[in-house]
Amino acid sequence: MSKNHEFYWRRFHSLLGIIPVGLFLLVHFSINFTATQGVEAYNNAAGMMELIPHWLLLIVEWVVIYIPLLFHGLYGVYIAFTATNNVQRFGTFRNWMFVLQRFTGIFLVVFIAWHIFQTRIQKALGAEVNFDMMAEIVANPLMLAFYIVGILAATFHLSNGIWSFLVSWGITQSPKSQKVATYVTMVFFVVFSVAFVAAILAFV
Amino acid sequence: MTTAVGTTGRTVKLEILRQDRQGESTRWEKFEVPYRPGMNVISALMVIQQNPVTADGQKTSPVTWDMNCLEEVCGACSMVINGRPRQSCSTLVDQLEQPIRLEPMKTFPVVRDLQVDRSRMFNALKKVKAWVPIDGTYDLGEGPRMPERKRQWAYELSKCMTCGVCMEACPNVSESSSFIGPAPLSQVRLFNAHPTGAMTKDERLNAIMGDGGLANCGNSQNCVAACPKGIPLTTSIAALNRATTVQMFRNFFGSDHMVD
């Protein structure tokens with residue numbers, strides 16, 4: 001990191017978490033949710049991606065997903081490891097959120113790397129992305145558990161990330177607005193967790 | 001009053017984390033001192049200083065700590081008491097569980113025993129220009145008036161005594177991180193709120209937009225929970241987040257409103 005640019009890197013990290021990473025996550029989850037409507041609905045939704053020309057899809061994937069995700073993930077790991085967690089001494093709600101944001105972040109780096117290997121890289125190697133691919137993966141109970149924890153970590157990290165985004169950019173200043181933002185983002189967390197755990201269970 | 005010493009028959013048990021020199025290894029030592037009504041942590045430490053003998057009768061060196069005002073306005077006597085950073089002058093023995101465990105605020109370099117070096121806070125205040133510049137080559141006259149309601153909330157921010165408790169509570173402040181911490185940040189809001197101070201507010205905002213500045217806050221909000229003066233530190237940080245968002249755009253796109 002060049003000198004005296006840390007502020008901009010941190011703000012960029014905060015922004016990328018919402019746009020595009022957070023938005024992509026919602027699109028991704030929405031497509032997964034079609035699995036609750038049956039095999040055909042999911043295959044149709046996943047097949048939509050095939051309609052995009054391959055070269056364009058690759059550009060969009062790199063610009064909208066891989067590069068922002070890689071930056072957010074790697075810089076996030078750096079942020080997480082410069083903290084000295086102290087929930088034992090300060091067991092307040094916000095301090096727990098602080099620690100959970102970092103734990104889920106580290107876990108997500110591992111989970112997403114594995115998830116990309118198991119799906120996107122397999123597709124690049126010739127596998128077809130469809131309902132059966134996911135059904136085979138989650139047929140293993142350990143994998144299913146790993147995916148459920150991954151989904152919960154992702155919905156939490158995004159929900160709480162929206163809360164800190166609102167503070168970091170100076171939108172929620174008063175303690176009251178920050179409290180309301182906590183309620184709204186936690187409702188968001190619960191709703192999305194239920195919906196997307198239901199989506200993964202549709203593959204079982 | 002001398003008869004009060006020892007007449008209660010009760011004792012106060014203390015455990016103190018000792019360290020002889022900066023960077024050296026630490027050890028816990030146990031002490032037991034006669035209880036007196038109304039004792040604070042400092043008065044217990046003073047008894048140990050008079051007779052530095054541990055609870056099991058071993059002679060030891062007197063415990064070192066910092067203190068000055070003894071009325072919770074100077075900030076010098078902060079230490080970690082039963083796990084919480086606070087002032088040893090205003091912490092009463094009667095309100096503590098025993099044994100009372102005393103540790104230095106390890107987020108700062110430990111000079112000796114409970115004495116720490118808070119220089120980084122004072123350096124941070126210099127870095128962010130936490131003052132109102134009024135010097136000139138001629139009499140600049142009176143500054144603009146401050147609205148009374150603004151003065152009232154700004155007064156709350158001025159209660160900061162640089163005690164370091166918020167720095168100790170913050171998970172992002174440590175010897176290995178460059179984050180300047182909550183206290184100096186809140187001082188930027190204080191001096192930017194001052195009508196004369198606001199004439200150089202862009203300088204302060206740009207200072208906290210440097211390395212180890214405002215954006216290193218991780219929103220654990222421990223600072224506001226720990227502050228002995230009840231300073232709304234996290235509100236200050238959020239207010240500065242907004243001010244620096246605007247400043248960032250002004251810096252890049254240009255503006256004639258850097259100071260208004």
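A Cβ is built for glycine as well, from the same backbone N, Cα and C atoms used for every other residue.
Per TrEMBL, transmembrane segment is recorded for A:12-35 (among others).
Long-range C-beta contacts of A:H115 (heme binding site), restricted to its own chain and to partners at least six residues apart, with a cutoff below 8 Å, comprise A:Y147, A:G150. DSSP assigns A:H115 (heme binding site) to a helix. Residues or ranges marked as heme binding site by TrEMBL: A:H28, A:H72, A:H115, A:H157.
Distant neighbours of the transmembrane segment (A:55-81): 9-10, 12-13, 16-17, 20-21, 24, 49, 102, 105-106, 108-109, 112; these residues of the same chain sit at least 6 beyond its ends, with a Cβ under 8 Å from one of its Cβ atoms. If you look up TrEMBL, you'll see A:55-81 (among others) marked as transmembrane segment.
Among the features that TrEMBL reports, transmembrane segment is placed at A:93-117 (among others).
TrEMBL lists A:137-159 (among others) with the feature transmembrane segment. The list of residues near the transmembrane segment (A:137-159) in space but at least 6 beyond its ends in sequence, with Cβ under 8 angstroms from a Cβ of it, reads 17, 22, 25, 100-101, 104-105, 107-108, 111-112, 114-115, 118, 185-186, 188-189, 192-193, 196-197, 200, 203-204.
Sequence annotations record features per position, and here TrEMBL assigns transmembrane segment to A:180-203 (among others).
Neighbour counts of Cβ atoms within 10 Å were taken for the binding-site residues A:H28, A:H157; the minimum is at A:H28. Sequence-distant contacts of the transmembrane segment (A:180-203) (same chain, six or more residues past either end, CB-CB distance under 8 Å): 29, 32-33, 35-36, 42, 131, 134-135, 137-138, 144, 147-148, 151-152, 155-156, 158-160, 162-163, 166-167, 172. Every protein chain considered, the tally of other Cβ atoms within 10 Å of the Cβ of A:H72 (heme binding site) stands at 24.
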